[in-house]
Amino acid sequence: MYIKSVHLINFRNYDDMYLELSPNTNIFVGNNAQGKTNILESIYYSSIGKSHRTNKDKDLIKWDKNNTYLRTYVSRERLDKTIDINIFKNGKKAITVNKIKIKKISELMGNLNVVMFSPEDLRIIKDSPGNRRKFLDIELCKINNVYYHDLVQYNKILSERNTALKNWNNRINDIIDVYDEQLSKYGAFIIKERNKYLDKLNIIGKNIHKKITNDLEDINFRYLTNIKDFDNAEKELLMLFKKNRKKDLERNSTSIGPHRDDFEVSINNIDTRIFGSQGQQRTAVLTLKFASLEIIKNIIGEYPALLLDDVLSELDSNRQKFVLNSIDKIQTIITCTGIEEIDKYLDKKQSQLYLVNNGKIKKV
């Protein structure tokens, strides 16, 4: 799988930009705030229907325009895909794949698979559990439509349960009983799928991490949840909801469930979030991203596109070398302010260079 072309109209700082991409390595070079990341953002949006930078779709529209248009042409082994997206300032959007209207975001996912690595991804390791849950949810939604459906349903019912906890009456226990049964069903599936994904990360990620660190470090991923027996997760979750109901009524919120879960990343049995150096934390994220690439490849039979947003300059030479030596079978789109540091590791015959300046792109 690879992206053949991207066409943007009124997207961020682009008026009307058509770009053909190499199936190998594409490098966009330019100063900051020229539009390099906007290219990656448009591709990422075409993949999952969301931006990695903003929750407001209207932010993607050029400031003096009423709508933006994105077209991404994707070459697949079985069937090529043309993804068209119109986003309007009133909050509406229209998406088609091969001219067929998409009604749900789950129908968009899987047509264009990408893995993005940006400096902000250090938050997966360093910051709150929400960042780690988000990572798991996005990666699982790419490869599992049932997971996406159950996650949406879980969050919807969770919101309704929390509203009921804030506005309870003498029928509150009957109402919460219904919510708890539904949450247990969807929540158990989410927990089990997250745990399975982390098992895959452990198998694949350990080998990747050893390559990056020359066998000096061992990485491990461990799911942190209240559930002890994954085979009976639904029953156990229902029991925990009932056990914590009094506390939930006092706090007006749901205190346990997959929306509270986390996962631990340890290197040589030490918690990387608390005790890891910045270099170790970057390496852990690198391992997560490259393991995610392999998991997608194993499931769908094709590598996703790899988007590297200004991250190579933050890696030392050993990690730069690992990245650039690992992408020969993967379409990779790189943004950077200069290629001097990575030039010696690039395969010139497999690389296409572009210069980006104030929303204009020049192929070199």
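Glycine is no exception: its Cβ is also placed from the backbone N, Cα and C atoms.
Taken straight from Swiss-Prot:
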- Gly30, Asn31, Asn32, Ala33, Gln34, Gly35, Lys36, Thr37: ATP binding site (BINDING)
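Locations of recorded Swiss-Prot features on the structure.
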residue	record	contacts (Cβ under 8 Å, 6+ apart)
Gly30	ATP binding site	Lys36, Thr335, Thr337, Leu355, Val356, Asn357
Asn31	ATP binding site	Thr337, Asn357
Asn32	ATP binding site	Thr337
Ala33	ATP binding site	none
Gln34	ATP binding site	Asn13, Val356, Asn357, Asn358, Gly359
Gly35	ATP binding site	Arg12, Asn13, Tyr14, Val356, Asn358, Gly359, Ile361
Thr37	ATP binding site	Arg53, Ser118, Asp309, Asp310, Thr335
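Under the three-state DSSP scheme, Lys36 (ATP binding site) falls in the helix class. Its own atom aside, the Cβ of Lys36 (ATP binding site) has 24 Cβ atoms within 10 angstroms in the protein chains shown. Same-chain neighbours of the ATP site beyond Gly30, Asn31, Asn32, Ala33, Gln34, Gly35, Lys36, Thr37, judged by a C-beta within 8 angstroms of the site's C-beta center, are, in sequence order, Thr335, Thr337, Val356. Reduced to three states, the DSSP call for Asn31 (ATP binding site) is coil.
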